[in-house]
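Input: a single structure, listed below in structure tokens.
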Amino acid sequence: MAEARKTDPRGQGRCEDLTQTTGLTFRRIEDRPDALGESPVWDAEAGCLWWIDGVAGVLHRRDAEGRVFDYRMNGHIGAIALAEDGNLVIVLDHRVVLYDPEVRAEKHLLVLEGADPAMRLNDAKLDRQGRFLCAGMGRGGEPLGQLHQVDGACRHRVLAEGLHIGNGICFSPEGDVLYFADTPARKVFACDYDPATGAAGPARLHIDTAPLEAGIDGATVDRAGNLWGALIRTGEIGCFSPQGTLITRIPAPVDLPSSLAFGGADMTTLFVTSIRDSGTGRAVSTHPDGGKLFAIDGLWAKGIAEARFRLTPPS
């Protein structure tokens, strides 16, 4: 069984309110810091939140009662996504696996044989039909990353190349636009995307975050089609219209927010992970709450429940 620890699910006691401004409430909902908190995913069916500590190789699950269960993996975790039957899809270095947390069993979905050791897989997300997309990165920021897609029959294709640190994968509400970021390049790209086939068109520049002096790390899209991104380096969360125009910037509770996901019973809580020490020397927090998990309530936005990956027989 996984180790469990108790925290309060509604932000009282240990999970105190941090600040309230313009109707927003920021709550710290997990006191133990992660080195590299990333990839929050809300499971609407189970009413629980999953997220990771990538450097420590630990998968976390926070249930409706506020209990947190830990699952230790073998390797650096890049990101996670939901799968059928309570399983998860997990990025581990050069591998993508289907993971059963009940019995701690792995099944390989993709292994990048002969991959450059200077590259690893990083951010990931499912499209609206449940195909798994993951982006690579150069361990030293070299442009070695590719954007990979794996479907339920384990068919693999590359959708983009030349990423320094691939991040921010997310989809429009209809699933017909794919977004992804190259964090150090401070750019977010958009592609026309065919939900039926998974084919992606040429990438075009969607958002240039250089004027904000930040790059986008993790990102998600709300029901109105706005893109919400963790603005690494400036300690903010940015919201951009479907046309790529900045709508607002919200100060994050810490200096290095890393990723975010909408969740909660009505999909209006924004969960935010953060970094304490990324392990590379490039991102080290100076904030006492660096690496902790937060929830923001009071936003005008509502999220979209994530799809689930499902294994299918090859056609």
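Sequential numbering from 1, following the chain as shown.
The backbone N, Cα and C atoms fix where each Cβ goes, and this holds for glycine too.
Feature annotation from TrEMBL assigns domain 'SMP-30/Gluconolactonase/LRE-like region' to 36-275.
Contacts of ASN167 (divalent metal cation binding site) defined by a Cβ separation under 8 A and a same-chain sequence distance of 6+ are given as ASN122, ASP123, ALA135, MET137, PHE180, ALA181, ASP182, THR183, GLY215, ILE216, ASP217, GLY218, ALA219, in order along the sequence. Taken from TrEMBL, the feature divalent metal cation binding site covers GLU38, ASN167, ASP217.
Within 10 Å of the C-beta atom of ASN122 (substrate binding site) sit 26 other C-beta atoms, taking all shown protein chains into account. When secondary structure is read from DSSP and collapsed to three states, ASN122 (substrate binding site) falls in the strand class. What TrEMBL lists as substrate binding site is ARG120, ASN122.
All protein chains included, ASP217 (divalent metal cation binding site) registers 27 other Cβ atoms within 10 Å of its own Cβ. If you look up TrEMBL, you'll see ASP217 marked as active site, proton donor/acceptor.
Along the domain 'SMP-30/Gluconolactonase/LRE-like region' (36-275), the predicted structure has mean pLDDT 97.
For GLU38 (divalent metal cation binding site), the same-chain residues that are 6 or more apart in sequence and have a Cβ closer than 8 Å to its Cβ are TRP51, ILE52, ASP53, GLY54, ILE77, GLY78, ALA79, ASP123, GLY218, SER258, SER259, THR273. Residues GLU38, ASN167, ASP217 make up the record's divalent metal cation site, and a Cβ search at 8 Å around their centroid adds SER39, ASN122, ASP123, GLY168, THR183, GLY218, ALA230, ILE232, SER258, SER259 from the same chain.
Around ARG120 (substrate binding site), the same-chain residues at least 6 positions away in sequence with a Cβ under 8 Å from its Cβ are HIS76, GLY78, ASP93, HIS94, GLY136, MET137, ARG139.
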